[in-house]
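K.L.:
Dropping the structure in here first, questions after.
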Amino acid sequence: MSAARLSAVAQSTVYAFSARPLAGGEPVSLGSLRGKVLLIENVASLUGTTTRDYTEMNDLQKRLGPRGLVVLGFPCNQFGHQENGKNEEILNSLKYVRPGGGFEPNFTLFEKCEVNGEKAHPLFTFLRNALPAPSDDPTALMTDPKYIIWSPVCRNDISWNFEKFLVGPDGVPVRRYSRRFRTIDIEPDIEALLSKQPSNP
């Protein structure tokens, strides 16, 4: 493949991006996940849906991970300051507070990042441009302007915690879901993508 073609592919897929795991260490290149179906969510420890969404993310990773699903969580404090702890505090918050009861995520969590505005992680800028609005709620917007703490504000901004992006095994974003769309209800779309995977990803 020519260098120009490789560059074009990189710009149209998530494979050009990387992020540092919450546990530390070297950044993980999403290019290492070629052939996998990715479910990417911006998460928060103190949201009203934290327990529901985290447990459903764990459930999908446990059941569909062996078939090629990879769930990725990106903690973000831009929505109601609901991820206001330090990176090293997040896992304890999940374990002892919400969801609590010894909960441990079985999917990869990355370091805190911003998903909107000038300092947004490049992956989320790419995802928002590729899928400008949630498919289940195309008019989704931040409902209370006092919560907008980033600049510039764009029409394709993520509106709250736990928006979801589904990425196909070719690295191309397929569908965006609003915070109101339950994580577990994405399963049929994940199944459809898993059935299209190459036999040896």
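Each Cβ is built from the backbone N, Cα and C atoms, and glycine gets one as well.
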K.L.:
Swiss-Prot tags one of SER32, SER135, SER159 as phosphoserine; which one?
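P.N.:
My reading of Swiss-Prot gives SER32.
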K.L.:
Swiss-Prot annotates one residue of SER29, SER45, SER178, SER195 as phosphoserine; which residue is it?
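P.N.:
Swiss-Prot records phosphoserine at SER195.
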K.L.:
What is the one among the modified residues LYS86, LYS112, LYS119, LYS146 whose Cβ has the most other Cβ atoms less than or equal to 10 Å away?
P.N.:
LYS112
K.L.:
Between the Cα atoms of LYS86 (N6-succinyllysine) and SER195 (phosphoserine), find the distance and write it as a whole number of Å.
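P.N.:
Cα to Cα, LYS86 (N6-succinyllysine) and SER195 (phosphoserine) are separated by 39 Å.
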K.L.:
Out of SER32, UNK47, LYS119, LYS146, the recorded positions in the record, which is closest to SER195 (phosphoserine) when you go by Cα distance?
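P.N.:
That would be SER32, nearest by Cα distance.
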K.L.:
Suppose we draw a 10 Å sphere around the Cβ of UNK47 (site 'Subject to oxidation and hydroselenide loss to dehydroalanine'). How many other Cβ atoms does it contain, all chains included?
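P.N.:
Around the Cβ of UNK47 (site 'Subject to oxidation and hydroselenide loss to dehydroalanine'), 20 other Cβ atoms lie within 10 Å.
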K.L.:
To the nearest whole angstrom, what is the C-alpha distance linking UNK47 (site 'Subject to oxidation and hydroselenide loss to dehydroalanine') and LYS112 (N6-succinyllysine)?
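P.N.:
Cα-Cα distance, UNK47 (site 'Subject to oxidation and hydroselenide loss to dehydroalanine') to LYS112 (N6-succinyllysine): 15 Å.
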